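Taken from Swiss-Prot as is:
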ACT_SITE  Asp63  active site, proton acceptor
ACT_SITE  Asn129  active site, for ring-opening step
ACT_SITE  His131  active site, proton acceptor
ACT_SITE  Glu136  active site, for ring-opening step
Amino acid sequence: MQLITTENKLAGSKKALEIIEKGITSGEVNTLGLATGSTPETLYAELVKSDVDTKNVTTTNLDEYVGLAANDPNSYHYYMNELLFSKKAFKESFLPNGEATDAEAECARYEEILSEHPIDIQVLGIGTNGHIGFNEPGTSFDSLTHKVVLTDSTREANKRFFEREEDVPTHAYSMGIKSIMNAKKIILLAFGENKAQAIKETIKGPVDVNCPASVLQNHPDVTVILDNEAASLL
């Protein structure tokens, strides 16, 4: 596990972009795994501004809310289109289908996509409770793409994106921890003091399902990029 501490979110995002750009230009990265939320927003803005040619790169996304259409402003389809896909050309892009009515079939469909497009670099954020994707504490390390019941803390953290608290979805489709660990390389981004405890448990704590991100200690190629605040407890 390589640890990089930077001055702020912008510097950390630029460092992540350097790694991604190197992988794409060398031809090593054909599939890029993407995350959502506030953490990767600056990375995507920097990628859009860059000269990195992504037209031969396929993208996959970690998760999507159950029940939200792709054109719903709160969906992750919409988020990705607004921040990246409408501004940068990719070969093709895949996300779970939030409107799928058969959860088991949708999870199997997405796993098939992941097997056809092995992830070369997976970008991750981390929740204050150590979740990666929507894999909440207690999730099996052997989990594949699955339908998740969102915890109160995760819904609380995400309610700022919704007009009303009751509009925050209760379920999501998420790549499982095993699905994430299948990526050849992982870049974990964390910025801000509120992520410091989760980062401490991820890097220095035991590998335990109560901190899902701690499983990254078992991955052969992980780069953790932090700002000074997120690194403050290390």
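Numbers run from 1 along the shown chain.
Backbone N, Cα and C define each Cβ position, glycine as well.
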Return only the integer: C-alpha distance in Å from Asn129 (active site, for ring-opening step) to Glu136 (active site, for ring-opening step).
8
I'm trying to understand the geometry here, so how far is the Cα atom of His131 (active site, proton acceptor) from the Cα atom of Asp63 (active site, proton acceptor), in Å to the nearest whole number?
12
Between the active-site residues Asn129, His131, Glu136, whose Cβ has more other Cβ atoms within 10 Å than any of the rest?
His131
Measuring CB to CB from Asp63 (active site, proton acceptor), give everything in the same chain under 8 Å that is also at least six residues away in sequence.
Thr36, Tyr76, Pro96, Gly133, Phe134, Val148, Ala172, Tyr173, Ser174, Met175
Reduced DSSP assignment, Asn129 (active site, for ring-opening step):
coil
